[in-house]
Amino acid sequence: MLQPHLLPYQAVSKVAAGERVVRRPSYLDLFRTPRLRHISLCCVVVWFGVNFSYYGLSLDVSGLGLNVYQTQLLFGAVELPSKLLVYLSVRYAGRRLTQAGTLLGTALAFGTRLLVSSDMKSWSTVLAVMGKAFSEAAFTTAYLFTSELYPTVLRQTGMGLTALVGRLGGSLAPLAALLDGVWLSLPKLTYGGIALLAAGTALLLPETRQA
């Protein structure tokens with residue numbers, strides 16, 4: 001029998017190469033177990049709702065009574081407070097409640113704007129800015145929350161799937177704006193309804209704050 005130090009170099013190299021071969025995770029692995037399937041389906045709905053409402057709100061600037069530059073200045077100014085809100089909320093309230101709460105705030109902003117008459121431009125602007133703040137906070141929380149829900153070996157794959165569905169939601173947001181030809185309030189109702197659905201779905205996800 002050969003001694004270990006007399007083994008051929010080619011044989012040792014082949015064994016070492018075989019040990020380094022690791023099967024790359026696929027998108028099917030995200031649905032392989034009931035727990036992963038539950039997390040993946042919920043995250044898909046949440047990411048679709050986050051992107052759909054975020055870009056829908058960003059595109060719905062025609063009724064604010066401001067020019068494009070003033071609107072973008074206001075929308076940009078609320079990003080820092082919204083991120084600070086996320087920082088404090090995820091530490092004390094948890095990821096799940098923060099995700100659901102920010103999406104609920106976005107939905108309420110859309111819903112309240114439906115009740116504001118067209119001649120109340122200032123109130124409509126305030127509600128739009130508040131909705132943008134909540135929507136930005138929901139976007140920030142989604143990245144943090146989703147990365148903590150998946151195990152390490154599936155984290156990049158899970159983030160890729162949810163980001164893909166999120167981009168789909170962002171792509172469909174401009175098309176929903178065309179629904180005003182059917183009913184003037186239908187786009188806001190659609191954006192707010194999807195955000196509300198995503199908020200309810202976020203409550204089905206497990207908490208990861210102390211996990």
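For all residues, glycine too, the Cβ spot is worked out from N, Cα and C.
Taken from TrEMBL, the feature transmembrane segment covers 39-57 (among others). Outside the transmembrane segment (39-57) by six or more residues, the chain places 30-31, 99, 103, 106-107, 109-110, 128, 131-132, 135-136, 138-139, 142, 146, 149-150, 158, 161-163, 165-170, 172-174, 176-177, 187, 190-192, 194-195, 197-199, 201-202, 204-206 with a CB less than 8 A from a CB of the stretch.
Sequence-distant contacts of the transmembrane segment (69-90) (same chain, at least 6 residues past either end, Cβ-Cβ under 8 Å): 58, 61, 97-98, 101-102, 125, 129-130, 132-134, 136-137, 140-141, 144, 209. The feature transmembrane segment is assigned by TrEMBL to 69-90 (among others).
For 97-116 (among others), the entry in TrEMBL reads transmembrane segment. Counting only same-chain residues 6+ beyond the ends of the transmembrane segment (97-116), those with a CB under 8 A from a CB of the stretch are 46, 49-50, 53-54, 57, 85-86, 89-90, 123-124, 127-128, 130-131, 133-135, 137-138, 141-142, 145, 185, 188-189, 191-193, 195-196, 198-200, 202-203, 205.
The transmembrane segment annotation in TrEMBL covers 122-145 (among others).
Annotation comment: TrEMBL describes 157-177 (among others) as transmembrane segment. Long-range contacts of the transmembrane segment (157-177) within the same chain: residues 25-27, 29-30, 39-40, 43-44, 46-56, 59-60, 142, 146-147, 149-150, 187, 190-191, 194, each at least 6 residues beyond the stretch ends and with a Cβ under 8 Å from a Cβ of the stretch.
Outside the transmembrane segment (189-206) by six or more residues, the chain places 38-39, 42-43, 45-46, 48-50, 52-53, 56-57, 60, 96, 99-101, 103-104, 106-111, 114, 135, 138, 145, 149, 169, 173, 176, 179 with a CB less than 8 A from a CB of the stretch. What TrEMBL lists as transmembrane segment is 189-206 (among others).
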